[in-house]
Structures are given as structure tokens and as C-alpha cells.
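Reading through the C-alpha cells given below for one structure.
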Amino acid sequence: MSRERAKLVVGNWKMHGRIGENATLLIEVAAGASALQKGVSVGVCVPCPYLAQSQALLSGSVVRWGIQDVSAHTGGAFTGEVAAEMAADFGVTYAIVGHSERRAYHRESPELVASKAQRAIEAGLTPIVCVGETLEEREAGTTERIIGTQLEAVLQALTEEQAAGIVVAYEPVWAIGTGKTARPGQAQDVHAFLRHKLLEKGATVANVPLLYGGSVKPENAEELFGQKDIDGGLIGGASLKSKDFLAICRAAQTVTH
Ligand code: PEP
């Protein structure tokens, strides 16, 4: 398996931002990211109303932009939903699917998340498939069963070629927005398990970027990203401050796999 996988750092703004403050953040991130070495890619997943703004301010920069969810449908009577094709109209690269907040608050099943990943791929987007266990599930010793089921549903719905084009983010639910981070070794163990699952789908799938997410900060990013199977991060809170987000991006370039 390659030891030369590139790093990827993607911000998840969640439901934060206003048009004025976004402009400053996007311009600062684009400027800072331009100084990064090759081998580190950067993206930001913004709320839907700001896709056009992101496209306007990030086009021509090294930063790609994305959406935080897509519909499992391609169009029709689905009030409030956004089709992957619609996001594609705004030059979107990434589509987060299966974020734990959507699995928890919107009761998204592994099968629904798999359909969303399919729609994203069909529209030419790269799905960032989030998987993760709750604290109760970890304490019950069911982490691998839970995240294995979540990943398996997506892999089963995709061809090997499609699966080779996804990104997977391991986000322990107990670490998201809580300030609690998985210990680097703890995260690596889960990433190694996910890597093995990906390999079962095919040799080309084994090298998909495996991101860690959950209270990543400038202070802990380098150690996390230095783990063998951690290829970067999905960053929530810290992606809202350009200084912190760019420091995390720089941490990704200081570690090489
Ligand atoms: C997230 O929401 O994807 C996330 C990782 O959040 P945070 O970094 O704030 O824990």
C-alpha cells in the first residue's frame, strides 16, 4: 500500500456564517492555502446559500468548496432538499454525507447515506462519507461493528471504480464539538480497521483518503496527521477561524506518510 498518500484538510462550517464574515474567511483561507506545499489539498464545506459566494471567491484559488449534505433524490417534490446536480452547478467538489449530526437528528440510515453517496458521485462530486460511534457504542465494545456497518452500506452501493473516488472521515461522535479528541493511537486503530475494509473492496479503494474529525485543533493536528493511516482531517469549529484552520493545514504538510 502506498506510503505517499497526499493530505487533505476539509472544513465543515456546519450552520455557521454570514455573507460578510464569510468573505473575509474565504479570502484569508485562499491566500494562506496558496503558500502550502503540493501534496496538501484544502476544501471548505459551506451552508448551501453560500455556495455561490464560495464559487465567486475561491475560483482560481487552490481551495475547493463543498456542500454538507445532498438529497438521495435527483429532483422532484422534496421540499427543502438540495440535489447533488444543483450543487454541481456551483462548481462544488465535495459533498459530506452521513455526518453524525444528520444520522442523529434526521435519522439517516446507512442505506440512505449510501444513496446520497451514489447521487453525489453521479453528479461528479466527491462524497466525504462520515462514520463514527457514540460513546455508549465505544464503551460497549461495538465501535468496529458500528462503523463497519456504516462503511459497508456505502461500499456495497458503489462499483470498485466509484468507491476508489470517495473520501472517508472517521468522526467519533463523542469527539465532535466536545473538545475531547481521540488519542492518536486510538484514532489510528480505527483508521487501520477502515483501511482494511476498503482493501476488501479492492486494491485501488484501499488508498482513498481517510480523514480524522473530532475537535482537531492546531495543537493536536500534527500528531494525529502523523499516524500511518490518517490522511488529513475534517475540521468543524476550528475551520471558522482562518488562523486556526490554516495552522491545521500547515500541520498536514509537516508530516509525510
Ligand atoms: C465536524 O463537525 O465534522 C467536526 C469534526 O467538528 P469539530 O471539529 O468541531 O469537533
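One is the number of the first residue shown, and numbering goes on along the chain from there.
Every residue gets a Cβ built from N, Cα and C, even glycine.
These features come from TrEMBL:
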ACT_SITE  H99  active site, electrophile
ACT_SITE  E171  active site, proton acceptor
BINDING   N12, W13, K14, G177, S215, G236, G237  substrate binding site
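Here the features listed in TrEMBL are placed on the structure.
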residue	record	CB count, 10 Å
N12	substrate binding site	27
W13	substrate binding site	21
K14	substrate binding site	19
H99	active site, electrophile	27
E171	active site, proton acceptor	27
G177	substrate binding site	12
S215	substrate binding site	20
G236	substrate binding site	22
G237	substrate binding site	19
Excluding N12, W13, K14, G177, S215, G236, G237 themselves, which residues in that chain have a Cβ inside 8 Å of the centre of the Cβ atoms defining the substrate site?
I176, I235, A238, S239, L240
Can you grab the distance from H99 (active site, electrophile) over to G237 (substrate binding site)? Cα atoms, rounded to a whole Å.
14
Need the DSSP three-state call for N12 (substrate binding site) to compare against my parser.
strand
For a quick check of understanding: given the listed substrate-binding residues N12, W13, K14, G177, S215, G236, G237, what is the maximum Cα-Cα distance in angstrom, as an integer?
14
Determine, to the nearest whole angstrom, how far the Cα atom of G177 (substrate binding site) is from the Cα atom of E171 (active site, proton acceptor).
11
